[in-house]
């Protein structure tokens, strides 16, 4: 120890010895501070080289001579590598990473990768102090960075790619389902808003709902047939035709609704009345028909099918013949009734009941308000009372001349109507069927209350009648029901359906589908 200079600073000198030919090579192990490596806890440590990459650098061993050898194989392989610029790397054991296991299998595992280029521009030395106080300096040959190895299994490159694709698939599915939920929520909100608006505008929503809930009695279920789909398709097609005609009216209606919404605050009582009129006019086009046109009964109303429009002239002639036969049967008992009229006043009750059927045509033509004559006891009844209680059209012995004139007028009207029916085409004749039925006197006239009492019936729903229709041409159940209407048969709609079902079961006709409709027919 020596003091140099006058400044009074103390300087300590050490002797450092560097070996010329070191027998050992020293390497540096660098750990990351974040790993918190504590060497004092290491009881056991083992290091070995990781030679797993040896297969990558290993060449295929081919025999140089003998079987399987190739002439100048090495030279050709080298020329190929030079041509494509392929540089082979030699497998050096010193360059392979270290595997460090601490405290056996239960401990941690580290992997040390060699850091290249450390000794190119700088030199690192390791100093060790000897017993005499001098230091020996050994140069560092290699530098290794050690990182802890994860215990859990990691994915390879291919497995990672598959998992990435699966992740994208899951995320896409999640986004699609989220969009669907949002759309459903928006759709529900829109429906709620539309429902509230319909209830505000004169209860239109309720009316439309009722219209959709209303279903006509399904005839096919009772008849055990399979033509329900055809009927539904017909109804849908006809309902589609109706809005096509009303397209301009709907456009104008939307404009009116918009204007009404804009001026809701300044609305008066008259605005709602206008809306109701629009709705009523749009509800059904039948209200806009000509006032002079005769409307059929409820059973006859409804859309006319294609089969009804395409009825042949033979069918119309057959119906005409049936009507004439019925009229002749009605007119046959007239001479017997005339003999009964010549009897005394005691038989007024029988006269009124029997002659009421004969004079039904004349009474239906000239009198609107008519009631069926109530029966009275023979003892207490008198001429005046029976005449007063009977219908205005019932003849009595005193009114023989008037009844004959009424019959003549009725017969003339029937003949004139027959001439017009024969001249009119088949399509018009179907619509005008209601007129001749009332004038022929086969059904009692309807009073003002709207209730009609069914008579004996023009057409009887029998097996022979159904057989005749089915042998003529194939017909659907709708067509058969239109042939046997309640007005003609005198039966209710349920009774006609049940009777027709039983008749079809007995006949067991052949079936065929034409234009998605089940048709029944019988072979002669």
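Placement of Cβ uses the backbone N, Cα and C atoms for every residue, glycine included.
Region 'Disordered' is the annotation Swiss-Prot gives to one range among 14-34, 35-55, 56-76, and that range is 56-76. Same-chain residues lying 6 or more positions outside the region 'Disordered' (56-76) and placing a CB less than 8 Å from one of its CB atoms are 89-91.
As a summary of secondary structure, the region 'Disordered' (56-76) carries 6 helix, 0 strand, 15 coil according to DSSP.
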